[in-house]
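Down below is the structure, laid out as structure tokens.
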């Protein structure tokens, strides 16, 4: 953990925490979310990956995917000569992994098929899967034993959901309430079977039949999805099956377990508190492919707060310029992005973002504001 403390923790962040999550410098007030950044599962996974290199200094090391959705952390592993499995035409290529190699499974987990392949090659496996993800796997396995179809709230191409679905029997992945409603409408009223299958083409188990496989359901989720939406989806399916089969038969048709990750929930709750403040803008820090970070940005956008999503302080500058990712769009450049005069900036970060990265972003914001009067005079 010594390396973790040196590389990822921040004295400035500790000071802000102790000052009621508030920092005031000149024209800038920074309000930090009361829950943000590295969660326990991420910290555990990164520490285990580092310790694996120390424990196997001369061995060839692999990791089946990004350890977490943070570019700086993954780059650090590459510098430690941890090899990432190549993806060729959308498929992982394990041909380079030899018998006896050491293979790290990331925080999101790995599919049953990948684990079997690595076992067959007699690899040494270091499993850093977050226990909250394992909890979801246990839930879908219970669905499978009871011959229930798993309705998984998640993104069908996200590593965690790919792994979770591999533990399920029959499954269907829904991205949001709109897709859940589409499924529930089919349960109650039927519809065009082929149209349904085409719509969910990449999001169901092999041989899925909506006329046969939507009778008994269990709900699970990708742990980083928006808590409130997962809860609404669960209630929608319960209400739909209650309407179709009645209260006496409901328990034979519907299973639900709480698989919402505590850390995800805490960060979202803290964000809902933060957006109630009088903010000039919101800065959300985390990997662009990070699901939990994107959901934090959604909360700011839904509350009408101007927000920028960046993955590191390198996106800021030179000058009063930022390269950021608006919700649902590609990278854009915003210049100027910090308004003149007194501003209050809300700051949060995803569960895969180290405190050091948050500190770097804050320091750049402060530097821009300190230089602003000079820039204005020069202009």
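Each residue, glycine too, has its Cβ placed from N, Cα and C.
Residues annotated as active site, proton donor in Swiss-Prot, with sequence analysis given as evidence: 160. Around residue 160 (active site, proton donor), a 10 Å sphere centred on its CB holds 27 further CB atoms from the protein chains shown.
Annotation source Swiss-Prot lists [4Fe-4S] cluster binding site at 39, 130, 261. Cβ contacts within 10 Å of residue 261 ([4Fe-4S] cluster binding site), excluding its own Cβ and spanning all protein chains shown: 25.
Taken residue by residue with DSSP, residue 352 ((2E)-4-hydroxy-3-methylbut-2-enyl diphosphate binding site) is part of neither helix nor strand, so it is coil. Taken from Swiss-Prot, the feature (2E)-4-hydroxy-3-methylbut-2-enyl diphosphate binding site covers 69, 158, 223, 290, 291, 292, 352.
Neighbour count (other Cβ atoms within 10 Å of the Cβ, all protein chains): 26 for residue 292 ((2E)-4-hydroxy-3-methylbut-2-enyl diphosphate binding site). Marked as isopentenyl diphosphate binding site by Swiss-Prot on the basis of sequence analysis: 69, 158, 290, 291, 292, 352.
Note on residue 69 ((2E)-4-hydroxy-3-methylbut-2-enyl diphosphate binding site): other Cβ atoms within 10 Å of its Cβ, all shown chains, come to 29. Residues or ranges marked as dimethylallyl diphosphate binding site by Swiss-Prot on the basis of sequence analysis: 69, 158, 290, 291, 292, 352.
In the three-state DSSP reading, residue 291 ((2E)-4-hydroxy-3-methylbut-2-enyl diphosphate binding site) counts as helix. Long-range C-beta contacts of residue 352 ((2E)-4-hydroxy-3-methylbut-2-enyl diphosphate binding site), restricted to its own chain and to partners at least six residues apart, with a cutoff below 8 Å, comprise 38, 42, 68, 69, 70, 73, 286, 287, 290, 292, 293. Neighbour density for residue 223 ((2E)-4-hydroxy-3-methylbut-2-enyl diphosphate binding site): within 10 A of its CB lie 30 other CB atoms from the protein chains shown. Using residue 261 ([4Fe-4S] cluster binding site) as the reference Cα, a 10 A cut-off selects none from the recorded positions 158, 160, 291. Of all Cβ atoms in the shown protein chains, 25 besides its own fall within 10 Å of the Cβ of residue 290 ((2E)-4-hydroxy-3-methylbut-2-enyl diphosphate binding site).
DSSP classifies residue 160 (active site, proton donor) as helix under the three-state reduction. The two recorded residues residue 291 ((2E)-4-hydroxy-3-methylbut-2-enyl diphosphate binding site) and residue 160 (active site, proton donor) have their Cα atoms spaced 10 Å from each other.
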